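Listed in Swiss-Prot for this protein:
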MOD_RES   Lys92  N6-(pyridoxal phosphate)lysine
Amino acid sequence: MKPYDLPDARGHFGPYGGVFVAETLMHALDELRAAYDQCRVDPSFIDEFNYELKHFVGRPSPVYHASRWSQRLGGAQIWFKREDLNHTGAHKVNNCIGQALLARRMGKPRVIAETGAGQHGVATATVAARYGMECVVFMGSEDVRRQASNVYRMKLLGATVVPVDSGSRTLKDALNEAMRDWVTNIENTFYIIGTVAGPDPYPRMVRDFQTVIGQECLTQMPEVIGRQPDYVVAAVGGGSNAMGIFHPYIPYENVRLIGVEAAGEGMETGRHAASLAAGQIGVLHGNRTYVMQNADGQVQETHSVSAGLDYPGVGPEHAWLKDSGRAEYAGITDDEALAAFHDCCRIEGIMPALESAHAIAQAVKMAPALSKDKVILVNLSGRGDKDMHTVAERAGLQL
C-alpha cells in the first residue's frame, strides 16, 4: 500500500487546488480552516458526527449484489454501495451534517448552500431544520424548473430558495450567488459547499466528511466477497460522491478507480460536462482545476441530462488523480445513462438518480469484457425520485 497525504499545508493537490478568492473572503476562510483543523481531531466532534450518521442518516448503508444484472451481462459481478438508502436519498447528507456541526461550533446561526439537482439543497435544509438554523439555498432557475419537487421539499423544511437567473441558470451560477451572499453576511453565515471544489479547506473537508462511504466499503466488501473489489466506479460532477468512495481506496494499488463524467449529447458535439476529458487548466470558484473553457478562456456552458453533473469544473483532487494516473475517467452520454436508469429499475427494482445511472452505465459497459471472478463496486450515490419528470419528459410523457 502506498501512503497518500494530499493536500499539502497550502491546500494543493500537486498544481491543483489552493485559494483563489477576493481579499474579503480570506478572513472567513482562515477562520473556517482553523475551526475545521481543530474539530477534525477532536474526539467529541468525531463522536457527535458518527452518532448523527448512525441515528439520523441511518448509516452504514449496505452493499448490494446486482446479481440478476450481473448474470445477464455474463462477466464481472456488479455490486452497489447503496447511498440512495440514506435519509434524504443521497450521499449529500454526510457532508451537510459535518459542516452544520462545524457551523454550530463556530457560532454561525445561518447556513447557505448552492444546489444543482436539489439533493444538496434538500440535505442542507434538512440539517438546518435538525439543528434549528436559518437556511437559504441558491439554485439556478433552469434547475428550479427541472427539479420542482426538490424545491418544494426545501421549502417544506423551512428553507428559503433563491432562483438565480444569470448565466446558464445552473449550478455554477448558483455557486457564484452563494459566494456573494457569504461575503455580505460573513459574521453570522456559514457556507455549506456541496462538492469537493471551492477554495481550501473545502475540497479536503467535504472529502473527509464523505470518506465514510469508502471506509464502510473497506469493511463490508471482505465480509461479502472475502476481499476488496477490482474496480470502484463513481459518477463525477464536482466529484464528492466519487472522492468519498475513492479516497480510502487510493493506497490499494490493485483497486482501479474509475470516475464517470457526463458526455451529454456526445463529446464531439461540445454539449457535455466532461471537464477532465475536454477542459483546460484554469481557476474556477476559488481553486485551480480542469475547467470547460472557450477559446477566450471564458467558462463554457455545459450540458447533461443530470442536473448534478452539469458543472463546468471538477474537484482539484480529481484533477490530480487523473494526472497522476491513480484514477481513470470515462464519459457516459445522456442516452447511455437513461438506458441504465430504465434497466436498473426493471432488472434490480432500484431507481437510481441520473447521476448514479452514469456510473452504473459504465459498469454495465465494462462487465461483459471481464471474467466472472472480477468485481466492480459502483457508488449508487442517490435515488431517482427527483428525476421522474426529466425521465418522463425524455420519453415524451407529461406527469
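Cβ coordinates are placed from backbone N, Cα and C, and glycine is handled just like the others.
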For Lys92 (N6-(pyridoxal phosphate)lysine), the number of other Cβ atoms found within 10 Å of its own Cβ: 33
Collapsed DSSP category at Lys92 (N6-(pyridoxal phosphate)lysine): helix
